[in-house]
Amino acid sequence: MTAEQALPLGNGKAAEEARGSETLGGGGGGAAGTREARDKAVHERGHWNNKVEFVLSVAGEIIGLGNVWRFPYLCYKNGGGAFLIPYVVFFICCGIPVFFLETALGQFTSEGGITCWRRVCPLFEGIGYATQVIEAHLNVYYIIILAWAIFYLSNCFTTELPWATCGHEWNTEKCVEFQKLNFSNYSHVSLQNATSPVMEFWERRVLAISDGIEHIGNLRWELALCLLAAWTICYFCIWKGTKSTGKVVYVTATFPYIMLLILLIRGVTLPGASEGIKFYLYPDLSRLSDPQVWVDAGTQIFFSYAICLGCLTALGSYNNYNNNCYRDCIMLCCLNSGTSFVAGFAIFSVLGFMAYEQGVPIAEVAESGPGLAFIAYPKAVTMMPLSPLWATLFFMMLIFLGLDSQFVCVESLVTAVVDMYPKVFRRGYRRELLILALSIISYFLGLVMLTEGGMYIFQLFDSYAASGMCLLFVAIFECVCIGWVYGSNRFYDNIEDMIGYRPLSLIKWCWKVVTPGICAGIFIFFLVKYKPLKYNNVYTYPAWGYGIGWLMALSSMLCIPLWIFIKLWKTEGTLPEKLQKLTVPSADLKMRGKLGASPRTVTVNDCEAKVKGDGTISAITEKETHF
């Protein structure tokens with residue numbers, strides 16, 4: 001092994017030319033021909049037209065449904081304002097470091113979610129496969145929420161919302177309009193067994209839910225059409241890559257903020273809103289002694305920041321090499337958390353109003369997840385004047401929040417596949433056909449969640465396939481790979497070459513110690529405190545249902561150890577020799593900025609090397625492995 005192979009830190013010009021020639025199948029033609037081939041390859045892969053497109057695309061991906069329906073609920077559940085303490089701790093120690101790691105890695109390598117890890121450390125290429133498996137699961141089930149929201153939106157264009165009153169064909173005798181409750185009118189109904197019209201609309205009209213996963217039942221064709229509409233919109237948002245995605249996000253990433261602002265203003269002007277906000281923020285410091293509060297804060301960071309999915313790597317790979325991704329990441333992380341915090345005011349002001357109107361404690365109306373989006377909030381708007389208008393705005397906001405998160409996930413998966421096989425998919429309309437194929441396959445797989453028993457399958461996907469446990473597992477290996485194997489100092493050199501300065505040392509130590517330690521602790525807590533999933537805390541799945549859930553969870557997590565085992569098995573030599581070969585970055589992974597263009601001395605993982613301006617190494621000290 002040569003010194004140049006052991007520590008590839010040069011400017012990478014020759015490597016870029018070689019890669020461009022290889023991508024296009026070229027082999028000769030001299031320097032001019034090679035340069036032309038390289039330029040053509042870069043053009044074919046695409047770049048963002050400007051920084052705004054990148055920022056809006058990332059904002060659209062990370063600012064999604066979880067900001068509206070999960071963070072406010074967790075805040076009130078875990079001590080109100082006191083919950084912000086563990087949230088900020090995880091924000092600094094886990095959120096920003098991993099978010100920045102993935103974005104910077106994509107920008108430095110200009111590769112998708114799999115090939116970036118292959119070039120940095122072949123032994124840990126399984127990280128890329130794990131992220132794409134999680135992403136594939138997400139692509140199938142996340143868009144189901146959009147189908148539900150589209151169905152609700154289609155029912156908003158009436159003078160009276162269909163879930164506001166009883167008397168429809170889907171309502172039962174137990175249906176009671178609580179906000180207009182008159183005991184003489186419901187003498188035949190036991191109030192303990194009564195249900196609301198909004199609940200019956202959700203369970204009987206939308207889901208037509210069966211009594212268990214064992215009874216899948218019929219396909220809900222109306223929802224199937226809504227899902228088809230969602231996938232059609234998603235396809236045309238990304239079918240031209242960054243050319244189309246970069247334009248669409250100007251609408252999809254900004255429109256939800258307009259809707260959120262309108263709903264916030266409306267919410268805080270309602271009677272009872274102040275009590276709802278107080279309930280949301282009132283600090284209960286005693287809750288900080290509960291480990292579950294800290295676990296909830298950590299998992300919320302991972303869920304809402306879209307880390308460990310490969311999305312940030314893919315989006316960052318379309319940046320210009322010298323883009324200041326460090327500043328972008330800090331700004332986007334603050335924007336994401338700020339949006340979650342403000343959304344809590346919009347949600348809990350309305351829940352406070354609903355509790356005020358019904359004369360019940362706010363705890364009885366507070367919901368999380370689909371329960372908030374499709375039961376609690378729709379119920380609240382029925383009590384407002386011009387309720388169809390507010391319902392329309394709310395579901396439009398949900399659709400746009402989910403839409404850009406969905407199509408960015410699909411785009412990231414496509415980017416990973418195309419970068420693995422550039423000669424195959426960067427020709428003609430093959431990339432567009434790949435997106436079409438993935439969309440069609442995901443659509444038909446998703447239909448099973450639109451059956452009468454589909455909600456039970458949806459919950460399995462949500463609780464296992466893309467669970468916090470899977471994300472934490474991937475995050476541990478990402479930090480180990482960059483912090484220890486590739487080397488945090490080396491990666492800081494790469495970042496300095498891109499942005500012109502070195503980030504705070506705190507982030508480097510988070511990669512090496514803090515973040516993997518915290519993630520490992522929460523992961524173990526998950527395993528120790530594991531409780532089998534129950535739908536609505538009532539329905540218990542059969543054993544084979546839990547088996548399917550764990551298979552989906554393991555399908556991503558096992559990618560990493562299996563890949564390590566396979567690579568070690570196939571590589572020749574003793575174990576130390578195998579590790580040495582498999583932990584060396586790709587020889588053409590060069591720095592392309594000012595640092596890579598000038599001679600200098602660099603120290604990476606206790607190795608000191610004299611690097612010439614052409615990217616070769618004139619002298620190198622002992623190269624140690626971290627294994």
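The backbone N, Cα and C atoms fix where each Cβ goes, glycine too.
If you look up Swiss-Prot, you'll see 1-36 marked as region 'Disordered'. Taken from Swiss-Prot, the feature topological domain 'Cytoplasmic' covers 1-53, 567-627, and the record attributes it to sequence analysis. According to Swiss-Prot, the feature phosphoserine maps to SER21. Taken from Swiss-Prot, the feature compositional bias 'Gly residues' applies to 23-32. The transmembrane segment annotation in Swiss-Prot covers 54-74, 82-101, 126-146, 221-239, 248-265, 301-318, 330-351, 384-403, 433-451, 468-488, 509-528, 548-566. Look at Swiss-Prot and you will find 147-220 tagged as topological domain 'Extracellular'. For ASN182, ASN185, ASN193, the entry in Swiss-Prot reads N-linked glycosylation site, with the evidence type sequence analysis.
In this chain, the transmembrane segment (433-451) touches the transmembrane segment (221-239); three or more CB pairs sit within less than 8 A of each other, excluding pairs fewer than 6 residues apart. Over the topological domain 'Extracellular' (147-220), the average per-residue pLDDT in this prediction is 84.
Long-range contacts of the transmembrane segment (468-488) within its own chain (CB-CB distance under 8 A, at least 6 residues past either end) are made by residues 94, 97-98, 101-102, 105, 117, 120-121, 123-124, 126-127, 130-131, 134, 298-299, 302-303, 307-309, 508, 510-513, 515-516, 519-520, 522-523, 526-527, 553, 556-557, 560, 583, 585, 604-605, 626. Below 8 angstroms of C-beta separation, residues 63-65, 67-68, 142-143, 145-146, 149-150, 152-153, 156-161, 164, 230, 233-234, 237, 251-252, 255-256, 259-260, 262-263, 266, 270, 353, 373, 377-378 of the same chain, each at least six residues beyond the ends of the transmembrane segment (384-403), sit close to that stretch.
Looking at 82-101, 301-318, 330-351, 509-528, 548-566, the range that has the most CB pairs within less than 8 A of the transmembrane segment (126-146) turns out to be 548-566. Between the transmembrane segment (509-528) and the listed ranges 82-101, 330-351, 548-566, the one holding the most Cβ pairs under 8 Å is 82-101.
Among the recorded stretches 54-74, 82-101, 330-351, 433-451, 548-566, the one sharing the largest number of Cβ pairs closer than 8 Å with the transmembrane segment (301-318) is 54-74. Note on the transmembrane segment (548-566): residues 123-127, 129-131, 133-134, 137, 460-461, 463-465, 467, 469-470, 473-474, 477, 533, 541 of its chain, located 6 or more positions outside it, place their CB under 8 angstroms from a CB of the stretch.
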